[in-house]
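Here's what TrEMBL has on this protein:
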type	residues	note
DOMAIN	B:12-308	domain 'Class II Histidinyl-tRNA synthetase (HisRS)-like catalytic core'
BINDING	B:Asp83, B:Met84, B:Thr85, B:Gln127, B:Glu131	L-histidine binding site
There are 2 protein chains.
Amino acid sequence: MNDPTSDLLPEGLEDRLPQSAAAAARIERAAMAVLHAHGFDRVRPPLIEFEKSMAARMDGLMTRAMFRFVDPKSLRTLALRSDMTAQVSRIAATALSQAARPLRLCYSGQVVKIAGDQLEPRRENLQIGAELIGNDSAAAAGEMVELAIAALEAAGACNISVDFTLPDLVDTLAAEEFPLDESQRDAVRRELDAKDAGGLKEAGGEAYLPLLYATGEFEMAAAKLAALDTSGVLATRIVRLREIAARVGGRARLTLDPSERHDITYQTWFAFTLFAEGVRGALGRGGTYRIGGSGEVATGFSLYPEELVEAVKAAEDLGHKVFLPLGHDRHLAALARGEGWRTVEALDEADDAAALGCTHVLRDGGVQAL
Amino acid sequence: MNDPTSDLLPEGLEDRLPQSAAAAARIERAAMAVLHAHGFDRVRPPLIEFEKSMAARMDGLMTRAMFRFVDPKSLRTLALRSDMTAQVSRIAATALSQAARPLRLCYSGQVVKIAGDQLEPRRENLQIGAELIGNDSAAAAGEMVELAIAALEAAGACNISVDFTLPDLVDTLAAEEFPLDESQRDAVRRELDAKDAGGLKEAGGEAYLPLLYATGEFEMAAAKLAALDTSGVLATRIVRLREIAARVGGRARLTLDPSERHDITYQTWFAFTLFAEGVRGALGRGGTYRIGGSGEVATGFSLYPEELVEAVKAAEDLGHKVFLPLGHDRHLAALARGEGWRTVEALDEADDAAALGCTHVLRDGGVQAL
C-alpha cells in the first residue's frame, strides 16, 4: 500500500490542484455562459460509447486514438471519447433530428486520447464547443468565429488572433485551375502543409507555388490568393472569407494561410484556428463540415483551454477565507458567506487560522483582518 | 454509416438533452458554490489512473467494478474511475501532504462503473463531493452532514432526510458486550443488514436482536440503542451521534438505523445517507474513514444527483430566447444579452423564430414579444 510508485500518474495525465482547478472551472463557466447567452443549448453525451458509433459520425476521427475496451454487458467494443463533436453530431442526427434548423448545441467535458505527442504530451483535455447544425454559409461561419472569440475573451484570453484556412483548396484548384490527378493530390497537399517549395515542384505541384506566399495578414493574403485565381474558381470562397473577416476583424487579428491543414481532415470549405497572447499553441479550432451518415451541413468549433489555465492559474483568485472560531455565531457566518466570504470552521482548539489560509476571522460580531 | 444500431448507446449510458443537461449543470454549479463558500478548495483528478493506485487509497473500492485497459505508454493497467474519493485521498496523501490540516477539498466529475444493477442501471454518474482530511470527530461529522444538506438544498432538493448509521457497530459490540468469534461476525452483520430476526438467531446473534428495533426517528432510536448498551461500550458513539443530530436536526429529518450498511465497506465509526422528497433512492452518502496507505483520518461525503436531475428536468428554466432578424443592430443584441436574454441570430430569410424556440424578437430598437 505504501509503494511510492502507486502514487504516480500515467504519463500525460495530471491532477489539477486548487489554483489550477479553480482556473479551469472559472474558464469553463465563463465560456459556457457566453454560448448559452447566444442561444446554444447544452447537451451532455456520455464518456464512453460504442466504438463504431463514435467513428461513424465524423470522417477522419481516428478510433485508433481512443482507449478501447470490451463491454461485458453488450460484448461490443466501447471507446473512451477523444472528441465530443462526433457525439453532438450523433445527437443532432438522432434524438434531435426533428428539431428546427439551424440547431444550436454546445457542450463541455473531458476527452482522452491514447497517446500524447511531443508538442502536446497531455492525454486528457477539457473540450468546450458549439455546433450550429443545418447551415455552413459565410453567415454561419461569421457567427461561429465571433462566438469563439467572445467565449475565449470571457474566459480571460487577450489579444486573440484567428487564422483562416480553406481545407478543400487543393481539391478545388486541382479540379479546374491547376489540374492534378488523384495520385498527385496527397503529395501536393503534404508539401504545401510542409511549406516545402522544392518538394512541391517535385510532386508536380509547381502551379501551386504562389499559394506558399498567399499567407499572412488577412487582407494582404486574400488579395494574393485572388490574384493567383485567374479562372475565378476560388471567387466565391474569397467573397465568403471577406464576409467573415468583415464581421470579426474588429475583435481579433486575422491571418490567412489558405493551404494550412492544422491536422483537420473532416472539414469542408472553411476552417479556423484560435490563438491568444501569452498562451502556448492553439486554443481552439473550428470550421464547416458535414455530419457523417446524415450528410447534414454544419459549422462548429472546439476550445481546448488547458494552456490558458496554465497561463492564468498562478494569479487565479480563490477568494478570501474567514476563520470561524469555536462557538462562533452561525448566523453571522452565513451572513459573511452571503457577502461573498469563504468561511473555514474551527473543529478543534489547535486549528490554526493562518495556516489554513484564512486572512480574516469572525469576531466581535463581524469579519476582521487576522 | 446509416446502420441504425450504430446510433444506440450502450446499456446504462445516455445523452443528456437540453432540459436535462441544463438541470445537471445548474445542480453542479449550485452545489459546488456551497462547498466553495464553506472553504473547500476544488481539485480535479484525471479520468483515468493506474488501476493499482486507484485501489490502494481505499479499502473496499473494487477495481473489478471499473473499466480497465492497458496503457500503450506504460504497458500498465489503467482504470476509468468509478469513484473520485480515492483520487482525492491520493492528492491529500501526496501533492498536498504538507498542507495544513484539516484539509478541505471538493470535487465534481463523471464516474463510470462497469455494470449497473436492477435498482440503479445507470453506469455513468455525476459525483460531487467534499472531503475534510485530518479530522473524524463529531464536530467534523456535524460540519459535513450540514454541508451536504446545504449543498443539496442549493441544488433544489426539498425536505431532506438523513439516515445515520454506525458502520463498526457489530465489531464494537462483539469485542465486549455481546461476544462473537470472527467466524460469526460476517453472518451476524449480514442478517442484521437483511433485518432477518430468524437468521440472526441461527447465526448465533440472538443478543443482537434488539438492534433490529433500535431504528427509526433519531431520538427514539438513539434512546433504544442506549438502553440496550448496558456495559456502556457504545456510550461515546451515542454522545457523538447526539452532537451531530443537535447540529443538523433543525435542517433535516433525522433517522437512525445503527446496523444498516448501505454497501459501505470502508467507513469507520459514522456514516450517513441522504434522501430528498420526490427523489428516488439515495442522493448521497458520507461518513468517517481512514485513507489507505497514510492511515490519516477523514470525514467526507459524495452526492450523486442523477435522480434529482430526473425529478426537476421537465421544469428546468432554459431562459427566454430573443430572435435577432437579419440586419439587426448588434449593439442592441449585446445589450439584451447583458440583461439576461438569450439571443438567436437569423442566418437566412427562412429562419423561423418560433420554431427556433424564440418567444421574443429584437425590433423597433428593443425586445418585443413575438
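Glycine is treated like the rest: Cβ placed from N, Cα and C.
Automatic prediction, not curation, is the source of TrEMBL annotations.
Each residue in B:Ala86, B:Gln87, B:Val88, B:Tyr107, B:Val111, B:Gly129, B:Gly300, B:Ser302 lies on the same chain as B:Asp83, B:Met84, B:Thr85, B:Gln127, B:Glu131 and has a C-beta within 8 Å of the C-beta centroid of that L-histidine site, without being one of the site residues. Under 8 Å, Cβ to Cβ, and six or more positions away along its own chain, B:Glu131 (L-histidine binding site) finds B:Thr85, B:Val88, B:Ser89, B:Ala92, B:Arg104, B:Leu105, B:Cys106, B:Ala298, B:Thr299, B:Gly300. Averaged over the domain 'Class II Histidinyl-tRNA synthetase (HisRS)-like catalytic core' (B:12-308), the predicted model reaches a pLDDT of 93. Comparing local CB density within 10 A for the binding-site residues B:Thr85, B:Gln127, the maximum falls on B:Thr85.
Cβ environment of B:Met84 (L-histidine binding site): B:Pro45, B:Tyr107, B:Gly109, B:Val111, B:Gln127, B:Gly129, B:Ser302 lie under 8 Å away, each six or more residues apart in the same chain. Of all residue pairs in the L-histidine-binding list (B:Asp83, B:Met84, B:Thr85, B:Gln127, B:Glu131), the one with the greatest Cα separation is 13 Å apart. According to DSSP, B:Thr85 (L-histidine binding site) is assigned to a helical segment.
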